[in-house]
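As structure tokens, the structure follows; a few thoughts come after it.
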Ligand code: ATP
Ligand code: FE2
């Protein structure tokens, strides 16, 4: 069975084609704002302009004919409304013209499922950290349960926002990481963990207010240390309170070497295994959508062609049919 997946929840327009065993092709055409953060309307216009060509190029790269595609999957949410609708509209058109089923996929769950597919993680505590989302999850009784989550913004948005405030271009996350490597003074910033939840917006305000007195490198080092320690603390507690003994990192912030290192060390101390997919599959990508749609369809699911997007679609809303 061959599935084509479309991802366009925010900045990255991406198409993936997979079968049960392999990724046959995946290609992206990201929207990169000239200044400031991502404006949903501008991003969606970029995606609508590029989507037809990107689908054709990905089919070509996979070395298949479009008639060989058995299933269309698209990111149904969470994400920016105008961006989500680009993928939904293209998917409906493909489903109708090729006369194949369509499945709307939860974007967060797709990040998790591709991680379980390409690593050896079976039943991990999941650290899902991206731009808009930050959640610690685990699987139980047919649902991905959210153990803890951000009370305000995602870790990636916090790094991007702080980056913008100190003059870095979007996305700030990777540039903060680069500067942090040259930092060594740990500057006092608010460490906010409440039970299993955490909050990042106060850290951004505090770090920004110190930008005149302190070196950029030290502020970048400190903001990473604080944010990643908070996430590691909650992940450790999730391991302690469950009978799980694996940790899987996913989402764009997972590309950061320092969060990988912290989670790896904590997992080792705990006698648990730590897993992280390669960078291409950590950020938003169409292959994760195609793979999750395929698993859902093989377990008997399909949507009707008018399946709607869901801007605030939570992973714990989804009844999981494809796992034991
Ligand atoms: P979601 O809808 O899941 O929130 P997203 O639209 O935020 O996804 P992702 O590709 O999952 O997209 O994540 C993008 C985020 O990852 C951005 O905030 C970016 O700054 C951050 N990021 C990317 N690389 C790094 C890095 N090396 N260090 C820290 N953050 C990073
Ligand atoms: Fe994402």
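If you go along the chain as it appears here, the first residue is 1 and each next one adds 1.
Placed from the backbone N, Cα and C atoms, the Cβ positions cover glycine too.
Automatic prediction, not curation, is the source of TrEMBL annotations.
Features as listed in TrEMBL:
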DOMAIN    27-290  domain 'Gcp-like'
BINDING   107, 111, 128, 284  Fe cation binding site
BINDING   128, 129, 130, 131, 132, 160, 173, 177, 256  substrate binding site
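Annotated features, which come from TrEMBL, shown on the structure.
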residue	record	DSSP class
107	Fe cation binding site	helix
128	Fe cation binding site	strand
173	substrate binding site	helix
256	substrate binding site	coil
284	Fe cation binding site	coil
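Looking at 107, 132, 173, 256, the binding-site residues in this record, the fewest other C-beta atoms within 10 angstroms of the C-beta turn up around 132. Only 130, 256, 284, in sequence order, out of the binding-site residues 128, 130, 256, 284 have a CB under 6 Å from ligand 1. Checking the binding-site residues (107, 111, 284) against residue 256 (substrate binding site) with a 10 Å Cα-Cα cut-off leaves nothing. Restricting the binding-site residues 130, 132, 173 to those with a CA within 10 Å of the CA of residue 284 (Fe cation binding site) leaves 130, listed by sequence position.
Rounded to a whole number, the distance between the Cα atoms of residue 128 (Fe cation binding site) and residue 173 (substrate binding site) is 15 Å. Ligand 2 lies under 6 Å from the Cβ of 130, out of the binding-site residues 128, 130, 173, 256.
A gap of 11 Å separates the Cα atoms of residue 107 (Fe cation binding site) and residue 132 (substrate binding site).
Sequence-distant contacts of residue 128 (Fe cation binding site), defined as residues of its own chain at least six apart whose C-beta falls under 8 angstroms from its C-beta, comprise 108, 111, 112, 134, 135, 136, 137, 250, 251.
Within 8 Å of the Cβ centroid of the Fe cation site, not counting the listed residues 107, 111, 128, 284, the chain contributes 9, 108, 110, 112, 130, 133, 250, 251, 288. Burial estimate for the binding-site residues (111, 130, 284): highest at 111, by number of other CB atoms within 10 Å. Note on the domain 'Gcp-like' (27-290): mean pLDDT across this stretch is 97.
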